[in-house]
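For reference, the structure discussed in these notes is given below.
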Amino acid sequence: MRIAKILLPAAKLFPLDYLIPESLVLNIGDLVIVPFRSKELTGIVWEFATIPEASKLKTVKEKVPLDLSITSEVLELIKWLSSYYMSELGSIAKLVLPIDIAEKPIKVKEQKVNNSFVLPDLSEEQKQAVTILNESNKPTLIKGVTGSGKTEIYFHLIADYLVKGKQVLIMLPEIALSTQIINRFIERFGFEPIIWNSSVTKAQKKMILRGILSDKVKVVIGARSSLFLPFKNLGLVVIDEEHDDSYKQDDGILYNARDTAIVRGTFDKAQIVLCSATPSIETMYNIEIGKYQLVTLVNRYNNVDLPNIEIIDMTKEKLSKNSYLSKILIEAIKDNLDNKKQVLLFLNRRGYAPLMLCKACGHRFTCKFCSSWMVVHKATKKLECHHCGYQSKIFSSCPECLEDETLTICGPGIERIEEEAKALFPENKIAVISKDHAKNPERIAQLLHQMENLEIDILIGTQMITKGYHFPNLTLVGVIDADLGSNNADLRASERTFQLLHQVGGRAGRGDGKGVVYLQSYYPDNIIFSYVKAGDEDSFFANELEIRKSADMPPFSKTASVILSGSNESKILEIARAMVRIAPKANVKILGPASSLMSKLAGKYRYRILIIADKKFNLQKYLKFWLSLIKIPSFCHLKIDIDPKSFY
């Protein structure tokens with residue numbers, strides 16, 4: 001008897017067997033409605049089989065309306081993801097079909113594309129870049145200084161693919177970036193792109209998915225999960241700010257959206273374009289070995305000068321109490337404001353202060369569920385853990401020694417810088433942009449609109465503000481703590497610091513007026529600053545590659561982390577040690593177990609085992625065999641992170 005194996009979008013499910021009614025003609029990839037437990041679900045026809053007896057099997061009910069189906073390329077992507085990231089097929093299918101689209105009737109989202117586009121003239125350098133991209137048959141990086149017009153280049157590519165009737169995906173690391181790109185897109189192409197992110201409602205998702213499956217949606221701008229959308233006719237994949245760590249998913253299925261999007265584009269035979277002013281080490285290495293192609297833009301659009309970068313030695317600054325802005329920076333801000341120019345102050349730390357402690361007994365306020373300090377939030381009068389979200393009141397006395405008036409706060413957060421700026425410049429309009437102050441795309445769009453219309457004089461921001469924004473009247477950037485993050489033990493600490501400082505500095509001087517960037521540092525001789533000041537990313541990349549090579553770390557090797565967690569620390573450590581003891585002999589290096597940098601998270605103690613192997617070694621096959629040798633108790637949660645980006 002002929003049956004269909006149906007892949008349902010549900011965690012930990014493999015394809016299930018269903019009888020095929022004689023009246024129903026099915027093909028691989030068809031979307032069908034099947035009974036599952038007490039309800040009906042939409043599933044994907046995965047494969048067919050013949051069995052001798054099928055009396056206990058349930059029957060496929062029907063195809064979904066409009067005979068919608070998943071392409072063979074998307075099916076290949078599901079298989080690849082499951083194999084590479086060692087995840088269940090059902091979990092991957094849920095990324096492709098995050099909601100049930102079988103309900104009817106439902107309006108289909110359709111974009112009306114008019115091929116008479118209004119595209120601005122390109123510079124000679126940009127025209128050469130477009131020519132190279134048109135001739136390229138491999139993933140291509142557009143590497144250009146901040147403000148060089150990388151977006152306009154891929155807009156010209158989009159125009160070509162729209163004329164061909166193809167679908168286009170533009171990926172951004174955070175959808176907060178989308179506001180300015182959406183406005184520019186509408187101005188250029190005359191219709192609104194579809195936005196795909198976590199804020200899209202269930203009803204909107206159904207409409208969008210139907211539109212994509214029926215090829216009526218042509219352009220999508222989205223965050224990580226947009227790469228799984230079931231495009232029928234994908235022609236171009238753009239991965240903007242390709243270096244950004246936000247492309248790595250750190251919960252659920254631990255995948256890298258940039259890398260997966262490149263695989264997706266390869267399966268679909270789509271052109272793949274990566275963009276960044278500060279590309280990742282991995283991408284630069286792939287260019288070096290000929291796997292990717294490079295297009296370089298050395299000039300800003302309209303030949304606008306790059307900003308000057310000045311380093312302020314904070315060891316020589318005499319700051320007044322509760323002050324974090326140097327006299328040099330304060331004077332520069334005054335001059336800038338007097339000239340009717342805008343200022344950006346950058347500190348990658350949310351809240352008012354990162355730590356509260358008792359001066360009498362030394363007690364530090366830490367999260368009861370995590371191994372992290374509680375951050376002081378003066379605006380909400382709360383202490384908050386930025387890892388699990390736990391909150392408590394701000395105490396008036398020490399809960400440890402019970403002394404009064406002994407509590408003090410240490411270090412600045414973004415709210416503290418706002419307080420200082422308002423005291424120094426009371427007549428000026430000051431705004432803050434961070435995850436606490438701009439919790440939805442609408443609020444972010446409002447702040448950006450105010451900035452563009454010169455309704456804000458000083459914008460104070462976290463990492464959110466470093467990515468791709470264009471403010472022509474902004475000529476001064478002040479980095480409050482340029483040392484933050486550069487001195488930790490993370491493999492990628494130097495890379496992240498260089499990228500962050502280069503990107504935030506690139507917000508200055510993009511219109512009229514020379515830009516200047518001030519980096520406040522207690523370690524002014526840090527070699528990273530010399531690379532940033534000189535704008536010499538090539539030397540930085542070369543130096544970083546040498547360090548990675550000598551340490552046998554990516555991109556010269558492949559790595560995986562096994563993360564074990566649970567509420568009983570000693571038992572979790574015991575299981576981790578047992579795993580290492582029975583590890584199969586192979587040409588791999590095993591480090592650990594060691595406590596994670598975040599040793600306790602949401603009440604669970606965490607230990608890591610790091611596996612380092614040769615680039616050609618089948619790490620997934622090795623891990624599967626290793627895990628088959630040990631039974632993990634139910635109280636221990638095990639995760640595998642292929643190609644880990646961090647070790648928190």
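Note: Cβ is positioned from N, Cα and C throughout, glycine not excepted.
Remember, predicted model here, so these are calculated numbers, not experimental data.
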Among ranges 240-243, 536-539, 568-571, whichever one Swiss-Prot labels motif 'DEAH box':
240-243
Cβ-centroid neighbourhood (8 Å) of the Zn(2+) 1 site, C358, C361, C398, C401 excluded:
K359, A360, G362, H363, P399, E400, L402, E403, T406
Closest to G147 (ATP binding site): which of the binding-site residues C367, C388, C401, going by Cα position?
C388
Going along the chain, which residues six or more apart from C385 (Zn(2+) 2 binding site) have their CB under 8 A from its CB?
C367, F369, C370, S372, M374, V375, Q391
Within the chain of K150 (ATP binding site), which residues six or more apart in sequence place their C-beta under 8 angstroms from its C-beta?
I142, G144, D240, C275, A277, L297
From the centroid of the CB atoms of C367, C370, C385, C388, the recorded Zn(2+) 2 site, which same-chain residues not already listed sit within 8 A by their CB, in sequence order?
K368, F369, S372, M374, H386, H387, G389, Y390, L601, A602
Mind giving me a neighbour count for C367 (Zn(2+) 2 binding site)? Other Cβ atoms within 10 Å of its Cβ, every protein chain shown.
24
What are the non-local neighbours of C361 (Zn(2+) 1 binding site), defined as same-chain residues 6+ apart in sequence with CB under 8 A from its CB?
C398, E400, C401, E403, T406
